[in-house]
């Protein structure tokens, strides 16, 4: 049963202590994913509100207000994505790049797809008034953007999932087969629900702010109404997580589980229950009390995010550490073998030099030149027969007593024989080597 | 060897990287680094030329804002994504080199990232506060000051990334002491920066001409003024750009210069040289002509005469980028790693034992008559596929037929004689890394490719095969035996 590859690692030290890299990775990833959540969730919420806006103008205004935030959130999502990318590349080079390679076409398509979906969101945002009479088309632009926003995270998920399972690499043939690994979709829905939950809280905050000129935009809707919409979205999505969370756990391969991981995840769940409780309480309370538990909910949800992000990392570390340990040993073995081979080659070189010295001592003054010739010219020239270019004997015929011309040819050859290809120039041969080389050519027998 | 290799068998792997990188440079130089000071200058001009009671010339300001909107939308979508795309594509095609560079340059890139985040945030602030800043003169002046600050910032981003690019072309002392600082002080750094700074300004001017034509009406009074400012801007920077490009070209180390013949694909050295001169000459003089014409007859400028120098100046920048992408052949990291992703120092080992023995992803443990073609394919994938395709751009058949005669059946023995010396004959290629049997298999495989017209699938569709001696199971078994 040979099916788990064990490549060697990049043989350079990590740029900083591993624990520090891990912290950087987890923290920067969370910052990135929050904005990704807001971007994806925001575009879904916009679509929903704009469709409702066909009948009720107020929803259209709501849609426009949410849409205004997407382009800012998306810019932050991208720039904040670079740091975790950098860190995961450094920490898990072999795993991450292998997953990228095995799903290569889809992986590289992320670039044009994200650029296009961003352009679509700008188009959607800046044509709101201009396309007021083509509402369906305007909605269609956003629907296309939402479809792409829903698809792109799937590519990332497939990659960060595939990298965890070297034992699966050999069975993967392209993106679709990596997509079919059992735990991809549960993780995906988990992510989508998280996006909606965060977006709900974001809407509540953004439109409930004191310096947000709510009354300038809306005629009928009250702040309380919009805040309730936000809370409802957050609550619904959070409750759904209690369904998807266990499915994710059930479909994750056992190898990354440990008590430490479970305790991190379960602590997160406990805090989530607390947050959900206060969301329900808020929704059942009066309009005047809509802000009462807001901070509490946001803080506890942030804690949930940190716990889930950490649990995710603990799983990854558990899943990969044994393999990484073996890989480090293998890399060290390779380095050792490489070093020995280098020394061996140096010795051989020294022997060859001695042989040349011996030949010269016995009166043969072409030995050195022959070595130069073998190095640079033997690919295309033989001593007495035609290879790619003419034989050395023919060179001697042409250039006897014309050493300077020969050197000139070697440094920048012309074009003579009609069916021969162009000979490459050799400006890099230094003067002493050139002296030896021509000595050899012009003295060939 | 250590990765299943992604491979684009028609387009050519290098082409993918080059394409993304060139688009990125166009956008970064033309619509950020050079564009921001240019736009700020125009914004300021609006304030200066308005009447004493006005904050700014509103029609003018509207035009400048719309120009900035183009810059804003494109840099935050295509600009940002192609920047990330350089990473994505380079990691797909050269995983070992990017993996190594990240370990050496982590802090360099981290710093670059911080600057990049700030840049994007600042661009957003600059653009999104434009409307509000028109409410009072003080706010407007603050906005303009912010524009200058932003310009300096985006130049700084470029200065850092150029250090990294420069390092990849010429490693300075990095291989000896492997530290970031020595990599930053490499000899190609300043010339590149000197080249990129004025050239970015010039390209921004070319963008400016185009946008002014698009955003002003034919008889609008602001059009000639705006065009004249742009013309002055271009004429100011153009001589510096020309001088710097000559300087830059001259300091590229000699051996690297020798490789430049390959930079435009298949053209001969001499022809290429002419072409480069030609393009520089035509692009810069057409821009200069446009600028002079604009100053002389600003009302007689039309879209066509603006578009031509615009396209040419992009070509000018593009060709320099393409050259930069190619001159570091045969290395991806100078003197450390060749572009076949093999470290120079591992060559003795691989040439002694063969590359397949040390490759994780091959099904061949021993070459036999039966598996020769399969082996040759794996050798090709490792040793040649980063630069050659089977039948597509720069295909291995094409390059061999060019040497041995088009359409003629390739001679296996000649290929076997050629390949071990290919680095000496053509310094832009790395030395052949494998052993004798692998060479034989490779030559047979190339012959097979020629005769059958077969193509080569990369790991993204074909998946990967595991070398049974490179599995976790095998490794543990070996360890058990040692006990």
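Any Cβ shown, glycine's included, is placed from N, Cα and C.
Bear in mind that TrEMBL entries carry predicted annotations, made automatically and left uncurated.
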Pick from A:278-296, A:297-315, A:316-334: which range does TrEMBL record as transmembrane segment?
A:297-315
Below 8 Å between Cβ atoms, which of the listed ranges A:76-98, A:229-251, A:257-277 makes the most pairs with the transmembrane segment (A:136-165)?
A:76-98
Using Cβ atoms only, state whether the transmembrane segment (A:20-49) and the transmembrane segment (A:257-277) have three or more pairs under 8 Å that are 6 or more apart in sequence.
no
If we skip the immediate neighbours and take only residues 6+ beyond the ends of the transmembrane segment (A:185-208), which ones have a Cβ under 8 Å from one of its Cβ atoms?
34, 36-38, 40-42, 44-45, 65-66, 69, 150, 153-154, 157, 161, 214, 223, 226-227, 229-238, 240-241, 244-245, 247-248, 250-251, 290-291, 294, 297-298, 301, 305
Count up the helix, strand and coil residues in the region 'Disordered' (A:412-431) according to DSSP, in that order.
1 helix, 0 strand, 19 coil
Count up the helix, strand and coil residues in the domain 'Cytochrome c' (A:364-445) according to DSSP, in that order.
39 helix, 0 strand, 43 coil
